[in-house]
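Novice: Quick one: the structure is below, questions incoming.
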Amino acid sequence: MWWDERVSARFRRNLQPTLTYWSVFFSFGLCIAFLGPTLLDLRCQTQSSLSQITWVFFSQQFCLLLGSCLGGVFKRTLAQSLFALFASSLAISLVFAIIPLCHNVVVLAVVMAVAGLAMGCIDTISNMQLVKIYQKDSAIFLQALHFFVGFGALLSPLIADPFLSDTNCILSNSTANASRNLPHIRKSLLPHHPGNLSHYDLPMKGMVVTRVSYAFWIMALINLPVPIAVFFLLYKERMVPCLNGSSHPLLSADELALETRPVDKEELPTPAQRAQAAAGHDDLLSCCQSKNFRGASSTYLAVHVTGALVLFMTDGIVGEYSGFVYSYAVEEPLSVVHKVAGYLPSLFWAFITLGRLISIPVSYRMKPATMVFINVVGVLITFLLLLIFSSSVVFLFVGTASLGLFLSSTFPSMLAYTEDILQYQGCATTVLVTGAGIGEMVLQLLVGSIIHDRGSYSFLVCGMIFGCLAFTFYALLVFFHRMYPKPSAELDEASPAKAAVPDDTGQYQR
């Protein structure tokens, strides 16, 4: 295998939980990308206007952010984390099954809010648990985790596509005129953020003709093995009431020797870091309590903030680019044909998924800090070239693919880098996940309003500005990393402080 035997032994020891967390993130991806292409059929199902149905986007995104903030509440024990993941993944299957029964837009918005909460919990808890298990070796496993969200995001639109209405799905006297606008409107909704659709008039009353329910039921069945996998992990850990799971298998002699090697003195935490360990990876509200910062260095907070700001910008770029690249392409000066422009969001997400797949082996050979540097510089150069060749349709497609590749591994690499700086203490995972969620929601709204006021060219200008800010915040993070106090290498082997060192054996901790 292309990784060393120590990491391989750790992976084998934690095979079931690792695969379970990866599968749960597949649920996250499956749920995040279906809404855009199916929204017009859902509008017909609820017999609502376009302006009303687009509020469903907001309910999902807002509750996803809320779920990310609150996800840390369930991390206090392994049982709480697994029960939260079981409930969240099961809720996503139930949401898929219930959506065809929602004939009122308010009910649909509430159902999608539940899905958003479940997705937020999955996002925070899965990242936290993998970091806890693998710590300094977590980068490669985080890259794989985020590959699965991209895979799910690609799969759900493909499942939905055969069941989407080719013409307006509410039959009335104005159906013929409305149907001519349908392809343009549908592509404007990809992948999960609506553009300005208020000037389109589609009928709200008449006979509903749609087969999109079959797509949701298929996705519910595809997702059903995920909560089952989480349940089996609960059973194995003997956390299911009234049921006895199997005990942990014994390690082989070779695995035991690899996983219980002595901790290097240079990896030992300082007393201030050990004080921060009590707070650990907590929820956002607990992280912000002043008691968690007593005795911490001045750079402790700065590392959290700058790391979150980098992801605020990069995840915001993912949201705003995927949401508005189609609208940019069909406007002057490019004036791309609507059908051709509709491939741009799909191309963007395809290369994000491809980049995450490539990053799995690369992350083992390359440090997370180096990967983040390559990512932010690549984003800057891509936007600069997109501005220079703004009249080239060919380069728009090339730049879209390039941007997807460079943005693909930013989140897991930044998470691994920041956690490594903080010696896996503090609240990095919670703060970074929350910062990324806020950025994706806020920058989409900001860019949408700017494009409406200033024209389509401002779309690339905004991307360039966000890329510059991401690079600036990354440079500040590197600066604070150099200032951050190094772990003490002078602790005596027999001192009481030695007992406070976190277990680094790779065991699946309860």
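Each Cβ is built from the backbone N, Cα and C atoms, and glycine gets one as well.
Here's the feature list from TrEMBL:
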| type | residues | note |
| --- | --- | --- |
| TRANSMEM | 21-40 | transmembrane segment |
| TRANSMEM | 52-74 | transmembrane segment |
| TRANSMEM | 81-99 | transmembrane segment |
| TRANSMEM | 105-126 | transmembrane segment |
| TRANSMEM | 138-159 | transmembrane segment |
| TRANSMEM | 214-235 | transmembrane segment |
| TRANSMEM | 300-328 | transmembrane segment |
| TRANSMEM | 340-358 | transmembrane segment |
| TRANSMEM | 370-389 | transmembrane segment |
| TRANSMEM | 395-417 | transmembrane segment |
| TRANSMEM | 429-451 | transmembrane segment |
| TRANSMEM | 457-480 | transmembrane segment |
Novice: Does the transmembrane segment (300-328) come close to the transmembrane segment (370-389), meaning at least 3 CB pairs under 8 Å for residues 6 or more apart?
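Specialist: Yes, since the transmembrane segment (370-389) and the transmembrane segment (300-328) share at least 3 Cβ pairs closer than 8 Å, they count as touching.
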Novice: Checking distant contacts: for the transmembrane segment (214-235), what same-chain residues at least six beyond its ends satisfy Cβ-Cβ under 8 A?
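Specialist: Tertiary neighbours of the transmembrane segment (214-235) are 16-17, 19-20, 23-24, 26-27, 30, 34, 38, 79, 82-83, 85-86, 89-90, 92-94, 96-97, 99-100, 155-156, 159-160, 162-164, 243, 245.
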Novice: Do the transmembrane segment (395-417) and the transmembrane segment (21-40) come close, with at least three CB pairs under 8 A (pairs 6 or more apart in sequence)?
Specialist: no
Novice: Check for me, if you would, whether the transmembrane segment (340-358) reaches the transmembrane segment (300-328) - at least 3 Cβ pairs under 8 Å, residues 6 or more apart in sequence.
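Specialist: In this chain the transmembrane segment (340-358) contacts the transmembrane segment (300-328) - 3 or more Cβ pairs sit under 8 Å.
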Novice: Could you check whether the transmembrane segment (300-328) and the transmembrane segment (457-480) come into contact, where contact means at least 3 Cβ pairs under 8 Å with the two residues of each pair 6 or more apart in sequence?
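Specialist: Yes, since the transmembrane segment (300-328) and the transmembrane segment (457-480) share at least 3 Cβ pairs closer than 8 Å, they count as touching.
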Novice: What same-chain residues lie close to the transmembrane segment (138-159): Cβ under 8 Å, and 6 or more beyond its ends?
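Specialist: Tertiary neighbours of the transmembrane segment (138-159) are 3, 7, 11, 18, 21-23, 25-34, 36-37, 126-127, 130-131, 190-191, 215, 218-219, 222, 346, 349-350, 352-353, 356-357, 359-364, 368, 408-409, 411-413, 415-416, 419.
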